[in-house]
Ligand SMILES: NC(=O)C1=CN([C@@H]2O[C@H](COP(=O)(O)OP(=O)(O)OC[C@H]3O[C@@H](n4cnc5c(N)ncnc54)[C@H](O)[C@@H]3O)[C@@H](O)[C@H]2O)[C@@H](O)CC1
Ligand SMILES: Nc1ncnc2c1ncn2[C@@H]1O[C@H](COP(=O)(O)OP(=O)(O)O)[C@@H](O)[C@H]1O
Ligand SMILES: [Mg+2]
């Protein structure tokens, strides 16, 4: 079993060309959040903003739009009515990558399937996006876009129709076989997150700690992967690098604030210091 190398993780923080503009760094659509889960949308969108994306578009139901927009002025917003999802499908055409599912709720599984079918660019499927397809995962085999799936063991168990204990008893088998069967990048989260590719490549994450075991940590990770995909980084590298850097942010927060008290929000605020260190290392 190989560990995710630091060098691979740091490689996603590319030098920004002097004459670059926001178009150079992609446009990410985050289809996340629902009434009661504005936080998931905020953490996912915030992470995407902090990971170098040129433009982040958060697609939100109108009930939570004011909450999220008041906290994240750098994002643009696709606001949709609860009974009309069509603006989101319109915004999808303009995006270079998409994150689908953090805090979305499972009230409209057909919307998740429609986005998957319509999407031509790389897409991260997380949380309720996964729960919405768990009953019948065959939709994955009809998708032409590169997919990165980010289940925690509970979501993985739903996808495989088995128990969490079954997943944890053979994490490598669960991740590798799902990735190969459905031709997706599969990120199986938890202590020692695994990143599996359809061609058999598999990496284990050396960073991270139990202080990250709290609501919101995974929403951050989805936004980070989406940010790297939007910037054109190939999906296996984007996923492995985000997993490593997310765990590194967690470790630095544990050292500053304790595993007991650290929050996903602290991890989000740690990202600038991590990228600064990478940029400074590059200059030496
Ligand atoms: N602030 C917010 O708005 C938040 C919204 N969230 C959203 O809430 C919805 C429900 O997601 P949840 O993940 O909370 O609920 P789930 O019911 O999907 O998953 C929780 C269960 O999964 C299992 N599990 C998860 N991680 C595990 C691990 N490492 N080892 C073993 N078992 C594990 C456990 O049985 C656990 O009780 C999602 O849409 C999610 O995005 C969460 O992300 C929490 C924060
Ligand atoms: N014990 C642990 N050690 C290392 N990382 C962990 C641990 N527990 C959780 N994490 C990480 O925290 C994140 C939790 O994601 P998830 O369960 O989807 O949370 P949420 O949906 O509440 O945001 C994952 O990236 C996972 O790998
Ligand atoms: Mg989650």
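Any Cβ shown, glycine's included, is placed from N, Cα and C.
Taken residue by residue with DSSP, residue 40 ((6S)-NADPHX binding site) is part of a helix. Per TrEMBL, (6S)-NADPHX binding site is recorded for 40, 103, 152, 219.
Cβ neighbour count for residue 192 (AMP binding site): 15 (other Cβ atoms within 10 Å of its Cβ, all protein chains included). What TrEMBL records for 189, 190, 191, 192, 193, 218 is AMP binding site.
Summarising the annotation, TrEMBL assigns domain 'YjeF C-terminal' to 5-278.
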- Item | Reduced DSSP assignment, residue 152 ((6S)-NADPHX binding site) | coil
- Which ones in the same chain are close to residue 152 ((6S)-NADPHX binding site), with CB under 8 Å and 6+ residues apart in sequence? 189, 190, 218
- Those binding-site residues, 191, 192, 193: which ones have a Cβ sitting under 6 Å from ligand 1? none
